[in-house]
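According to Swiss-Prot, the protein has these features:
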MOD_RES   Ser2  N-acetylserine
BINDING   20-27, 68-72, 126-129  GTP binding site
MOTIF     42-50  motif 'Effector region'
REGION    186-222  region 'Disordered'
COMPBIAS  186-197  compositional bias 'Low complexity'
LIPID     Cys221  S-geranylgeranyl cysteine
LIPID     Cys222  S-geranylgeranyl cysteine
Amino acid sequence: MSNEDYGYDYDYLFKIVLIGDSGVGKSNLLSRFTTDEFNIESKSTIGVEFATRTIEVENKKIKAQIWDTAGQERYRAITSAYYRGAVGALIVYDISKSSSYENCNHWLTELRENADDNVAVGLIGNKSDLAHLRAVPTDEAKNFAMENQMLFTETSALNSDNVDKAFRELIVAIFQMVSKHQVDLSGSGTNNMGSNGAPKGPTISLTPAPKEDKKKKSSNCC
């Protein structure tokens, strides 16, 4: 039985988290992918926000629920709740700031300590429009991604270069893992409904999908 039989407008719901240092452009990547918008005066995210977008993969409707949080030290207390239920992650750095790239190893370690073992991961070198200020060689980042079994893309949230590609590749990778049963979406129990009323099987164990796809903000994370 598909999720549409339960009244849902998607077949799969994937929680994806954006991680990386503050100021690398995570929020603008999120808004560019979900609403095709860019805020030139975007400030560091306070707390957590998420947005959704539905795409089609192999004739299945995939609803990506993408979470974004600030990278400052004081927000790391929300780590366990932020990563819980995530089946995909994008680690973002700024190609013009070497420190943001060097910290990717920390973010990868934190992800692996708090997320499922089979979470799909992509590395994003954002702000490719600042090529004249490049501080991180593409080949170096690409090799780091390969060594750690991550997808790799350089993007520009400003002019939208490769943003769609980066998210779609991750979503497809998650879908392929689900198809191979490398990710357990069924939860516990034997019936078709989770305790929160969301159908089991093809749906990630989250709360039922929100009726609105607009960003939700909260200064105090779950």
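Even glycines carry a Cβ here, placed using N, Cα and C.
Mapped onto three states, the DSSP output places Gly20 (GTP binding site) in strand.
Looking at Gly20, Gly23, the binding-site residues in this record, the fewest other C-beta atoms within 10 angstroms of the C-beta turn up around Gly23. Secondary structure at Thr69 (GTP binding site), taken from DSSP and collapsed to helix, strand or coil, is strand.
Take the binding-site residues Thr69, Ser128: by the count of other Cβ atoms within 10 Å of each Cβ, the lowest one is Ser128. Taken together, the residues of the motif 'Effector region' (42-50) have an average pLDDT of 67. Using a 10 Å radius centred on the Cβ of Lys26 (GTP binding site) and all shown protein chains, the other Cβ atoms total 29.
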